[in-house]
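What TrEMBL records for this protein:
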- 11-147: domain 'EamA' (DOMAIN)
- 160-297: domain 'EamA' (DOMAIN)
- 12-30: transmembrane segment (TRANSMEM)
- 50-68: transmembrane segment (TRANSMEM)
- 75-93: transmembrane segment (TRANSMEM)
- 105-124: transmembrane segment (TRANSMEM)
- 133-150: transmembrane segment (TRANSMEM)
- 156-173: transmembrane segment (TRANSMEM)
- 185-203: transmembrane segment (TRANSMEM)
- 223-243: transmembrane segment (TRANSMEM)
- 255-274: transmembrane segment (TRANSMEM)
- 280-297: transmembrane segment (TRANSMEM)
């Protein structure tokens, strides 16, 4: 592999890492928005609703009106990613949390790397080494330990909740695969704009921002502040980084493992800002996640492939 390609791959994984870290801060904004009376559907909606004009302004300033032009292929992928792998994902995950709680929901969501690995094997012909399987296993174990803190009694294994959680995980995984397929078709900024536009559109049907109660939220300066902050950090910035990273020819199967830093950031934010509990088991989970990211991204060398 040439040095230039190595640098391109490094930058791609770095973009995914930073995008996931940005998503990990989402709980802070959600907590404030929820305390102000917003439903889980509204917190998801405003993230992409306010992100769209931000991305639109960025396009105008950097590329002018021509920046809004998108190919037919790019538009199709934007619709699919926006409505299904973004919008429907958020609805599925919100319902998972409502049904089985955050801990179980997080554990189910982070089975996504397995879905991505399987899809990448067939779609992109990405071969997995033994260490990749080890990294996937360590990643899932790490997430379970960090989320549950070793108390598995907190897990709620209702069948409907499991079905919703695995659906959310599949959609989350599909977003990675679709973003890689679409990578390079159009400018990442343009793709992010249309993707979040269609996501906000589909989420509006469940969030129902036109109701009197939700309209009242938009009159609160504190609500607007946290909504705009969430839209910038976890909406515009994170999605632009993620799409840009996947356009740099990185392995789709590695992206969700690198992206699991989101769970670490979310946990640390909860501990630091909201005094949430963490113990030695949770710390061990963080260590395993970091270890899995390291193992997944080691140079392939002469390791034997598993086809």
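Every residue, even glycine, has its Cβ placed from backbone N, Cα and C.
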Considering pairs 6 or more residues apart, do the transmembrane segment (185-203) and the transmembrane segment (280-297) have at least three CB pairs under 8 Å?
no
Criterion met for the transmembrane segment (105-124) and the transmembrane segment (255-274) (at least three Cβ pairs under 8 Å):
yes
Considering only the recorded stretches 50-68, 75-93, 133-150, 280-297, state which has the highest number of Cβ pairs under 8 Å to the transmembrane segment (255-274).
280-297
Pairs of Cβ atoms less than 8 Å apart decide it: which stretch in 12-30, 50-68, 75-93, 133-150, 156-173 has the most with the transmembrane segment (223-243)?
12-30
With CB pairs under 8 Å as the measure, which of the listed stretches 75-93, 133-150, 156-173 comes out on top against the transmembrane segment (280-297)?
133-150
At a C-beta cut-off of under 8 Å, are there same-chain residues at least 6 beyond the transmembrane segment (156-173) that contact it? List them, or none.
84-85, 88-89, 92-93, 95-96, 99-101, 103-105, 107-113, 115-116, 119, 256
Per DSSP, what is the residue count of the domain 'EamA' (11-147) in each of helix, strand and coil?
119 helix, 2 strand, 16 coil
